[in-house]
Amino acid sequence: MVQASRWYRGGTSRDKLHYRKEEIRTTLQELLLYLIFLINLCILTFGMVNPHMYYFNKVISSLFLDTSVPGDERTNFKSIRSITDFWKFMEGPLLEGLYWDSWYNNQKLYNLKNSSRIYYENILLGVPRVRQLRVRNNTCKVYSSFQSLMSDCYGKYSSKNEDVADFGIRSGSEWKYSTSSTNSPWHWGLVGIYRNGGYIFTLSKSKSETKNKFIDLRLNSWITRGTRVIFIDFSLYNANVNLFCIIRLVAEFPATGGILTSWQFYSLKLLRYVSYYDYFIASCEIVFCIFLVVFTTQEIKKIKELKFAYFKSIWNWLELLLLLLCFVTVFFYANCNIQNFLLLGQLLKSTEKYSDFYFLAYWHIYYNNIIALTIFFAWIKIFKFISFNKTMSQLSSTLSRCIKDIVGFAIMFFIIFFAYAQLGFLVFGSQVDDFSTFQNAIFAQFRIVLGDFDFAGIQQANWILGPIYFITFIFFVFFVLLNMFLAIINDTYSEVKADYAIGKRPDFELGKMIKMTYHNALEKLKLKKTQKEDKKISKSNGHFVQPTRRESFDESVRF
């Protein structure tokens with residue numbers, strides 16, 4: 001294609017026409033090859049997604065998050081705010097949700113080592129684990145005037161403030177600090193980032209023993225003022241749909257008091273090659289790697305041939321980004337399979353210990369995110385071939401022509417937008433949840449632009465500045481700036497449309513080539529008459545019409 005463009009720039013008109021056709025034909029072949037790659041990538045990507053993943057997450061999350069604690073139907077894990085409610089959850093919904101050892105008629109469920117079958121279908125892998133992280137006393141400074149009222153001070157969690165000393169009755173692992181033996185990532189919570197390790201204990205296979213353990217910990221004050229977070233980790237496997245569910249329930253105890261709860265439910269397919277369809281997906285993965293090698297070779301040749309001119313095209317940058325994402329996808333895929341091969345067998349061997357599947361879930365989640373970005377940019381690349389359609393060509397020309405104006409407008413827009421975000425955060429941040437952090441304030445303003453806002457909360461937080469902030473933001477951003485953006489697009493589109501009307505359209509159009517190929521195929525299949533036959537028919541019809549017209553004219557004269 002590069003050589004064709006060179007011949008096109010220098011040569012006779014006949015050479016120009018010939019190499020223009022070659023350029024169109026080469027681009028059409030490139031489009032067809034890329035469509036095959038895109039279809040293969042879609043099959044590969046969506047083949048990894050199981051529709052049962054959502055329902056698996058939903059049914060398990062409803063069991064542990066929505067079940068009320070004993071004695072209070074309004075309190076569940078989502079609404080826990082005190083240590084008393086937390087222990088009620090541990091001894092109630094958590095205990096009842098983890099141990100399913102009999103049917104509804106009290107008949108024994110299974111005669112296997114691991115007797116827990118949640119909802120009768122989901123195997124509890126190993127035993128659950130409970131882990132606590134604490135901070136030391138005197139990790140913050142009490143103001144001198146209040147030292148007589150409060151001598152102890154437990155600051156917020158950090159690696160410097162973390163307590164690693166034994167506490168309480170010091171008779172078990174739950175009272176002694178343990179370092180982490182896995183490579184699991186640190187947890188990013190609502191109010192802090194928490195590392196691995198801590199005061200850990202695993203639950204028993206017996207429901208009664210686990211309940212007695214919870215009671216013993218509650219009576220001996222396992223949760224104290226120094227507690228900052230408690231993790232509850234366990235994993236399930238459903239053989240019916242070949243899915244694992246890795247669950248983490250998190251209860252954070254901020255320095256302000258109270259409890260903030262969060263949760264993670266990851267449904268993953270760790271056993272990848274089981275059915276015939278899985279092996280079909282494996283063949284698509286091999287084809288994907290072949291395409292990756294071919295495209296990489298093509299881009300290397302283009303870079304060698306065009307050198308610095310290669311980097312002047314935005315489509316070439318998109319091509320490089322797509323190739324980079326593809327290589328990262330292959331890396332994550334290989335790493336996930338290696339980790340599955342090395343760890344899955346070890347984790348499933350012992351049913352009496354905690355099986356840490358969170359590390360595997362971590363890699364699989366990142367793999368899913370990377371391949372999602374890959375297929376997103378793969379579809380965006382389709383715009384490279386939109387010259388076969390006049391409307392889409394006008395759209396791309398409009399966007400490319402007004403890009404400088406849009407960048408200038410974006411600078412002005414975000415200056416005003418961030419100014420309002422800082423105003424909202426400082427004025428309403430301590431009272432309105434949507435403005436509790438600067439990041440939340442930014443997203444809240446985007447929601448205001450889309451019509452989703454809490455005006456009552458803003459007005460209640462500050463009855464003077466609240467309405468002023470809201471009205472001026474709507475006026476400047478919604479009525480002024482957004483309409484300026486639309487005016488830029490509309491004005492540029494009018495210019496492009498006028499240029500197309502007087503014939504200043506791109507010379508390189510795939511539409512004509514596609515239509516010509518389509519008509520030729522129909523003619524060869526004899527589904528459409530050729531142009532020569534149409535001309536013969538039109539001539540014969542013309543000869544037949546002319547005598548009839550003369551005869552009718554003569555008759556009219558005679559009459």
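Numbering starts at 1 and runs along the chain as it is shown here.
The backbone N, Cα and C atoms fix where each Cβ goes, glycine too.
Under the three-state DSSP scheme, Cys153 (disulfide bond) falls in the coil class. Non-local neighbourhood of Cys153 (disulfide bond): Asn137, Asn138, Thr139, Cys140, Lys141, Val142, each in the same chain, at least six residues away, with C-beta under 8 Å from its C-beta. Per TrEMBL, disulfide bond is recorded for Cys140-Cys153.
Marked as domain 'Polycystin' by TrEMBL: 76-271. This prediction places the mean pLDDT of the domain 'Polycystin' (76-271) at 89.
For 272-496, the entry in TrEMBL reads domain 'Polycystin cation channel PKD1/PKD2'.
TrEMBL lists 31-49 (among others) with the feature transmembrane segment. Sequence-distant neighbours of the transmembrane segment (31-49) (same chain, 6+ residues past either end, Cβ-Cβ under 8 Å): 269, 277, 280-281, 284-285, 287-288, 291, 295, 368, 371-372, 374-375, 378-379, 381-382, 385, 510.
For 276-295 (among others), the entry in TrEMBL reads transmembrane segment.
Sequence annotations record features per position, and here TrEMBL assigns transmembrane segment to 315-334 (among others).
According to TrEMBL, the feature transmembrane segment maps to 365-386 (among others).
Annotation comment: TrEMBL describes 406-428 (among others) as transmembrane segment. Cβ atoms under 8 Å from those of the transmembrane segment (406-428) belong to residues 434-435, 437-438, 440-442, 444-445, 457-458, 461-462, 465-466, 469, 473, 476-477, 481, 484-485, 488 of the same chain, restricted to positions at least 6 beyond its ends.
Taken from TrEMBL, the feature transmembrane segment covers 468-489 (among others). If you look at the transmembrane segment (468-489), the same-chain residues 6 or more away from its ends with a CB under 8 A from one of its CBs are 398, 402, 405-406, 409, 412-413, 416-417, 420, 423-424, 427, 445, 448-449, 453, 455, 458-459.
Within 10 Å of the C-beta of Cys140 (disulfide bond) there are 13 other C-beta atoms, taking all protein chains into account. If you look at the transmembrane segment (276-295), the same-chain residues 6 or more away from its ends with a CB under 8 A from one of its CBs are 37, 40-41, 43-44, 47-48, 319, 323, 326-327, 330, 333.
Under the three-state DSSP scheme, Cys140 (disulfide bond) falls in the coil class.
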